[in-house]
Structure formats: C-alpha cells, structure tokens
Amino acid sequence: MNSSALPHVTIFTDGACSGNPGPGGWGAILRFGEIEKELKGGEPHTTNNRMELLAAISALEALKKAASVDLTTDSQYVRQGITSWIHNWKRNGWRTADKKPVKNADLWQRLDTALQPHQVRWHWIKGHAGHDENERADQLAREGVALARLK
C-alpha cells in the first residue's frame, strides 16, 4: 500500500522501572494531525525492557486502522530488536545466535503482529535530553509505575 495514501501518525514511547525487576510503567503519545492521545499503564513486577516494548505495542494496538507511523523511542533495545535482531530470531524459531530462547519473546511476537497493518519508521533519541515529547512519555511511564504499585 502506498504510504502517502495512509493517515500519518507520530508516536513517542517510553518505559520505566523502579528496580529492574520491580514495578514498572509505560507511556505513549500518539499524534494524528491536531489530535493527541496519551496512553499509560504498568505492571507490579516487570523489567525496564518489557515496559519499553509494551509502550510501543500499546501505541500501535491503539491505532484503529492502517497508518504510516513515525515511532520514536529512547530504547536502543526496542529499536535494534525490531529493525535488526527480530529477523534472525524469527528464522531461528525465537532463539538467539547461541541457541538460547529470546528474552521477552512474547512481547516481541506481539509487537511483530501489531506492526503488520502499518508502515512504521523507527527513530531513536537520547532519553532525558530535553526532547519535549520524550519527557512527556517518560512522565506517563512514571505515572504507570505509580499505578503498578497500587496493584
């Protein structure tokens, strides 16, 4: 499908954890034209990498129809995993090069599925470096940690 025919959505995501593992949260900002939506959530016992993945997954799953997406994360783990490592993992039956099971394979598989209807361009920015949207996603993720503590 021609990406210019698809609606364009900009997404910023972040994950946070208090202790690793520990209570964690994720946050996402979705922008479509003038419309902006904020998402957040958390889990009582998780890792930072799982929260980074869940932020991207939740944002993509929130899209109701196919879109051209620019997704920005401060997680090299997510960006490298989805743009590079996942191809070999899938080919190797969700095992790493040294034949160990891929960590967080459940979420990588869910992210892979969430991507399917969309054309996604992945962007990385340095976290805590004054990027307004990343700072807001971080705040949402920290609110998610607070929610997780209540569970």
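Even glycines carry a Cβ here, placed using N, Cα and C.
Annotated features in Swiss-Prot:
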- 5-146: domain 'RNase H type-1' (DOMAIN)
- Asp14, Asp138: Mg(2+) 2 binding site (BINDING)
- Asp14, Glu52, Asp74: Mg(2+) 1 binding site (BINDING)
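Taking a C-beta cut-off of under 8 Å and a sequence gap of six or more, Asp74 (Mg(2+) 1 binding site) has these contacts in its own chain: Asp14, Trp124, Ile125, Lys126, Gly127, His128, Asn134. On the backbone, the CA of Asp138 (Mg(2+) 2 binding site) and the CA of Glu52 (Mg(2+) 1 binding site) stand 10 Å apart. Between the binding-site residues Asp14, Glu52, Asp138, the minimum number of other C-beta atoms within 10 Å of a residue's C-beta occurs at Asp138. The DSSP breakdown of the domain 'RNase H type-1' (5-146), given as helix, strand and coil counts, is 58 helix, 47 strand, 37 coil.
Taking the domain 'RNase H type-1' (5-146) as a whole, pLDDT averages 96 in the prediction.
Other residues of the chain with a Cβ within 8 Å of the Cβ centroid of Asp14, Glu52, Asp74, the Mg(2+) 1 site, are Thr13, Gly15, Ala16, Met51, Ala55, Thr73, Ser75, Val78, Gly127, Asn134, Ala137, Asp138, Ala141.
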